[in-house]
Amino acid sequence: MIDGSTEPTSAAHVDQAGQITVGNAAWRLAATDPDGFVGAPRAERSPTITRHGRSVALADLVAATLRLFAAEANRILGSVPDDVRLTVPAGWGPRRRTWLRSAANQAGLGLPQLVDAPIAAADQQLRSGVQLPVGAFVLICDVGATTEATVLRRGPAGFEVLSTLEDANAGGHAIDQQLAGVLVPAAGVEGGTPSWPLLASMRTGKEAVSHQPAVTVPLPPPDPAVVLNAALVEQAAAPVLQRAADLAAAAVEAAELTPANLSAVYAVGAAAAMPALRPALEQRLGVEVQVPPAPGQAVVLGAADATAPAGVADAVAAPPAPPLRRILGLLLPGLLALGMFLHMVFSANMSGSRVLHTRPWWVMANYGELVISCLLVLAVCLAAGPWLGAVLAQDERLRGRWDGREQLSAGLVAGTVIALIVATLFAVCAALYFIYPYRIPLRWALLPILPIAAVAITFAVIIRRRPYPPAGGWEAFLAFPMTPLLIIAVGDLVFAYVISSWWVWAPHVVYVAAKRIGVALIGVGIGMLLVRVVLLRAIAATTLGVFGFFITDWRLQNPIGVAVAVAVLGWWMQRLWTLLR
């Protein structure tokens, strides 16, 4: 209990001498000296206010209120706890957060952790047993003196804010003003504005009606008491609650979502106990709205159990090691890419000795093999993108700033860059070995994979900007089918080995059959890569396999590489079209 209440008021009063009074005593002084009253210091926009001709820092008013909490902590525990947490609206920027920390330090609370109020409310629901999977979207409507509507997305490291909107005229204070206008249009009104004591009476009656059918509300003297019931409260609150519902819908739209995308909607805050709030939100959003028990305490309880403050850098856990099966799944195509590159280099035909280099100097290399090896490298690096992003997020300068979506985006960019670097190294090594200009191997190593790399970067941008993933999540949507590419690589390696190993003795029929089987495997792999429907994939793979079997020729070695690059690009373009259509 603080100042006799489990939900103490933050009101403050400044008298003519500059003396600050907070809590319930401030409300009592408002009856005799309304000019010195400040109903909600945190809601003020400027750092200072003027009362009785004096400039008063809002930090001093908030610090005076926080001293009540420090005093209660000292009374119970003997000292202020080392871990102090304060909740703040999600829309507060660094300046206002620093201001609140300064006020808390001034009140003797040290440097508290600041927890975003909607995140605290959502965390409290998780701890109460609610199941919200990673990737779920949650709308938190915090209806207190004002209303803040926030859309959250649950990531691997916790909740992130997608959008937040606030309206000072859509909360409990606006309802109090509406009640004053309905019940006592002439009483306690000065210059068209209800007096603070009158609004305090309306607030007390409004909260009592949430638990009783009717109450008698005393008004400031000399006005008589009035009877307040639930019907009158709903009548007065209807336009305000509609405004709160519109704010919630606008927050969902600002997050580029629809109510159907939401996994849950929660109404918290002191005014959320009003029975009329839930139907108003459900009618506007078209989805079920849940009001937790003791909604006025939901944010505080969530902040008390929070494991980290808002914006703290260590919010991202260390990335888990990839499973052994996944490591082996990437190791095989990686080794195959290296093997194909080495075979391309050492099986090349040259015009003479590399040592006795005489003009004219020419090299006949299977550059199609180089293309496919670079495609394998790119596929491996992109498949490792999620893990690369999680590793990057552990950098001290980035820790806690990236959620799962941003990590995946960064991982795709990092994987693309690594693949381009490896492809460049392949080309440079080949040029050095061939004693050839760099531009020729570079052309074959980079040009076929650059369009695919551009599409991967496009996906990285889309993932970063798009708040909600496709069905099944981003990783499943972008999971490249490695099996068809492995079939293509094996087929090309068989084909390349046979056409470059004419000096090895073997029956002619064996050479012919091996060449044809190699190209047939390439056709099968391309068919599997381009078609997703099982029956059509089988037809395409069979057709292209038979076609490849009969058109086998050593002159196809370079065009095969280009054809495979086009097929891989086609797969990525299909994914992009599916996402954007």
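Including glycine, each Cβ sits where the backbone N, Cα and C put it.
Residues 365-367, 369-370, 372-374, 376-377, 379-380, 383-384, 426, 429-430, 433-434, 482, 485-486, 489-490, 492-493, 496-497, 500 of the same chain, all 6+ positions outside the transmembrane segment (327-346), place their C-beta atoms under 8 angstroms from a C-beta of that stretch. Residues or ranges marked as transmembrane segment by TrEMBL: 327-346 (among others).
If you look up TrEMBL, you'll see 367-388 (among others) marked as transmembrane segment. Within its own chain, the transmembrane segment (367-388) has Cβ neighbours under 8 Å at 319, 322, 329-330, 333-334, 336-338, 340-341, 343-344, 407-408, 410-412, 414-416, 418-419, 422-423, 426-427, 430, 441, 444-446, 448-449, 452-453, 456, 475, 478-480, 482, 485, 488-489, 492-493, 496, 556-562, 564-565, 568, counting only residues six or more beyond its boundaries.
Summarising the annotation, TrEMBL assigns transmembrane segment to 408-435 (among others). Residues 341, 344-345, 348, 350, 354, 357, 361, 363, 365, 370, 373-374, 377-378, 380-390, 392-393, 402, 441-442, 444-446, 449-450, 453, 456-457, 459-461, 463-464, 474-475, 478 of the same chain, all 6+ positions outside the transmembrane segment (408-435), place their C-beta atoms under 8 angstroms from a C-beta of that stretch.
Marked as transmembrane segment by TrEMBL: 442-463 (among others). Under 8 Å from some Cβ of the transmembrane segment (442-463) lie the Cβ atoms of residues 367, 370-371, 374-375, 378, 382, 405, 408-410, 412-413, 415-416, 419-420, 423-424, 426-428, 430-431, 469, 474, 478, 558, 561-562, 565, 568-569, 572-573, 575-576, 579, all in the same chain and six or more residues away from its ends.
Annotation comment: TrEMBL describes 483-505 (among others) as transmembrane segment.
For 517-550 (among others), the entry in TrEMBL reads transmembrane segment.
Per TrEMBL, transmembrane segment is recorded for 556-573 (among others).
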